[in-house]
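Some features that TrEMBL has for this protein:
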SIGNAL    1-28  signal peptide
DOMAIN    477-562  domain 'IPT/TIG'
DOMAIN    573-616  domain 'Chitin-binding type-3'
DOMAIN    628-713  domain 'IPT/TIG'
DOMAIN    814-857  domain 'Chitin-binding type-3'
DOMAIN    869-954  domain 'IPT/TIG'
DOMAIN    961-1004  domain 'Chitin-binding type-3'
């Protein structure tokens, strides 16, 4: 915090008493608005929250407060310090479940260059190398390869923002500086990984950009938001590549925007605003795909507690509409956080001096029994299908992944949701995970099943991504015991080095003279590494060591590069080997030794004949290879066209390290398991269409097996959707937009209702019902529209007819007189669902103020006209106390029509049409800030307005407040809200010290 922020936030402590005294809101309609509950108080008000794979939460705050919290039991336990002040740092979960924290606090706006890694398995910290300079308020983003990007943060008051992005390289425990991407960004920029692998900076600035982290890095502009500078607004990736930005600004805004990063030219688009403006606001993606917004202030200023917003709001990405949820009891402003728990609830913490967490249970937890899930794998590889068991499998409509939370200062770093494709069987679900780290950077996620009612299962924590690695062992750092081979001749070819030892973990790197080499984790006691020919060009020794993720390194073992001291001889070898197109002099490796191909005799064709083999630089004759590789079986040996990528196991004989599995002659990424088994990565593109693929194995040196057939079968034809009925099935030409209900069968999530072949915005209700938004343009003219349903995958129903009837055109003179006000001739109003047009009574009347009669607009007969202008009969309530809170005003009367607005002293207020005799309006606290009389009226569409009704705002009374309240460092004159009234702090008597004493409280404006 800078000095100005410290002054502002100093006022926030007074809200502690209000939070303890405030009455709880009734939660009778939890299935509609959710429910809040309090947890027990924490030792301090947390600023930073990281949800760990072990289901504990790391919490820390300014001044060195740090603890582990169990949000289910409310218990806390010891979290050791990192050795520096972590306040105002950035943080993200690494692929193996450890936490990278970058930057920290010296003073306000002066950051530390420090970084550290927390290991939840050992409850301990290990240092990471320092960054280029200090960072205070930086953002950390996990990249698709498991490394972490750090951007922004203040160096100090002279230099300002750190403009150099840096990448923490997990395999080498080092920083890579993106020297080509210097940029001055805002504090805590909102960064997300896009589907193309770049990192998108979505604000708070209006200009948004994309960062390429390869090489030295580069920025490019990608869109420009239409809204305000979203200072302390919030953002969330609510689907693959789709981002919602909401709130922020000074004064705060209600606006919200979305961008689709999958589009050819991504652009920001405004969606419906929230009901209340907010800054210092948090957003949380929920398992059903909706986004929950909590806390914040609606008042101008950095952290104005007088505008604290207690109600939550829920955004539905299908309708892009907001719904107001239940209200919390604790204000959550600057330094608050919100995170999703595996049970589907949301924990909300902090907000300056607020140590009491609250837990929000969304409405979906009150809509029926939860789906169950078991047999969930601990680790999930990209694109590789996996199975889970669920007794409710047939009723599951959505499967989602949500990354574990890492949140501070109104932004959840790395928060994202993935909707997964799945196939339901009897009691099982076959689920396809994200294809790569661009869609889901490696790390820990919560897996949810969601049923047709939107009710989620309890989430299971899974580790996603091929680069994910388990927690390192507690037994110590890695140790190397032997190398195989331990020597090689200078100038030899590339080879695979086997490193044997202990305490190796997934993600460990074999280092050759301190430089990492491509490494394969075999087990905790063995690694293999690819050593290039350039490493053994000249004689000498190399130091081989192992580095585990987190920085633990082994000692070095010596690898010798030495020429054979005896004169190499060509050893004629008597055993014959069946080969294939080996060039003379081809060198292969067999059982760790090198052999060179020789022709059997000059009479053989050297490109196709049988060869014999001589040891390369040899003095003895070892046993040669017995032949080319052979494939015995494939597992699996069949797949369905259009399926996901998978791992193919090839069983056979004579496989050697470095062998490649080939798919129709093209090599695939291959792992050598043994001389009798290989595994290969088969891509989705390999099985995109039905047919037979030829699988073979190519050993180093050119020996290749015969082909084995892999069959890709055509998928079973999906049952197409069917439309049974439409509601409504007719409309009048020129009618307004409406919602069409389509009833039928075989509808699936993602299905689209099509109107004359063009998709309309569709809401999936169930397998038998969809709802679609039909525009006024769709029914502008008479005719018949063809309505159909298209399921994802291309299955389309037959058409159902929707009739648009022509509207009558006769103008019907209407005899009844209606008292109006300033209607222009031709003014059109709606009454009881029909349109009417204003006509003059006779030419002698002044058309702007006279009495009118009304004729039905485009009508064929005489209908009953409206009886007159709206009239207000009563207000409920009709009085309030000055300085009170916002409330809902009920206006009773007659002749109200849909679209009518309640006016307060002539200014429209947000109005809900209940019936022709009742409206409800949102009256703000500002409307009743001072005593007096407000004039309330109703304005119908078209201009008809009621007479005024008086609303009395009375002054607060009663200045002596006898009850004593134990306070804490309240400044004289501090104002709090209690049971809807404002109170001002007074000293108990002149003998008390004003900053620490007991106070009494008097009603404010009394």
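Glycine is treated like the rest: Cβ placed from N, Cα and C.
Keep in mind that what you see is a predicted model, and the values were worked out from it rather than measured.
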The domain 'IPT/TIG' (628-713): DSSP-derived helix, strand, coil residue counts: 4 helix, 50 strand, 32 coil
Local confidence of the prediction over the domain 'IPT/TIG' (628-713), expressed as mean pLDDT: 89
Structural state census, the domain 'IPT/TIG' (869-954) (DSSP three-state): 4 helix, 50 strand, 32 coil
Three-state composition of the domain 'IPT/TIG' (477-562), taking helix and strand from DSSP: 4 helix, 48 strand, 34 coil
